[in-house]
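Undergrad: Please read through the structure below; I'll follow up with questions.
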Amino acid sequence: MSKLQILEFPDPRLRTVAKPVQTFDAALGQLIDDMFETMYEAPGIGLAATQVDVHKRIVVIDVSEDKSEPMVFINPDIEVLDGDPEEMQEGCLSVPGFYESVTRIPHVKIRAQDRNGESYEMEARGLLAVCLQHEVDHLNGKLYVDYLSNVKRTRIRKKLEKQHKMRA
């Protein structure tokens with residue numbers, strides 16, 4: 001396994017809409033394993049392939065405290081079920097060091113495929129529902145900062161650009 005480089009906002013590659021996965025092979029399995037390693041080391045609870053400059057519809061998530069519930073969602077499709085939108089603090093491995101309130105639906109159904117191409121569906125609530133929506137947004141070229149005001153988004157972008165220049 002190997003750790004992958006995570007793209008950071010405002011990198012334009014984060015705006016690429018991911019394409020469906022067609023081939024379920026050993027290379028896909030290796031990518032998924034590398035994504036989990038990258039997510040756990042970051043540390044984070046979710047990672048979309050777009051964030052590591054692979055523009056395929058793949059998401060890995062583990063919202064457990066002890067990294068014991070790794071979940072893979074390939075070609076995910078989310079359906080909003082019910083509940084009033086709720087505000088929750090979100091962070092993102094592609095927007096390091098920033099946490100902002102975002103409004104999301106707390107109960108969703110997701111249809112996806114596993115690493116072998118088998119289709120499945122499940123319902124998700126709370127943190128898992130929020131994480132799924134956040135990661136699927138990445139696959140569609142959208143970031144959580146897009147839900148913020150222009151003022152907040154610009155402030156975050158400028159701070160991250162300054163950090164990038166200092167590292168270069």
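Each position is counted from 1, following the chain as shown.
Note: Cβ is positioned from N, Cα and C throughout, glycine not excepted.
Predicted, not measured: the structure shown is a model, and the values here were computed from it.
For C92, H134, H138, the entry in Swiss-Prot reads Fe cation binding site, with the evidence type sequence analysis. Among the features that Swiss-Prot reports, active site is placed at E135, with the record citing sequence analysis.
I'd like to know what surrounds each of these features in this structure.
TA: Less than 8 angstroms from the CB of H134 (Fe cation binding site) sit G46, E90, C92, V102, R104, Y144, each of them six or more residues away in the same chain.
Secondary structure at E135 (active site), as computed by DSSP, is helix. Sequence-distant contacts of E135 (active site), defined as residues of its own chain at least six apart whose C-beta falls under 8 angstroms from its C-beta, comprise G46, L47, A48, V59, I61, F73, P76.
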Undergrad: Please list residues from the chain of H138 (Fe cation binding site) whose Cβ is under 8 angstroms from its Cβ, counting only those at least six apart in sequence.
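TA: Same-chain residues close to H138 (Fe cation binding site) (Cβ under 8 Å, separated by 6 or more) are L14, A18, A48, T50, Q51, V59, S94.
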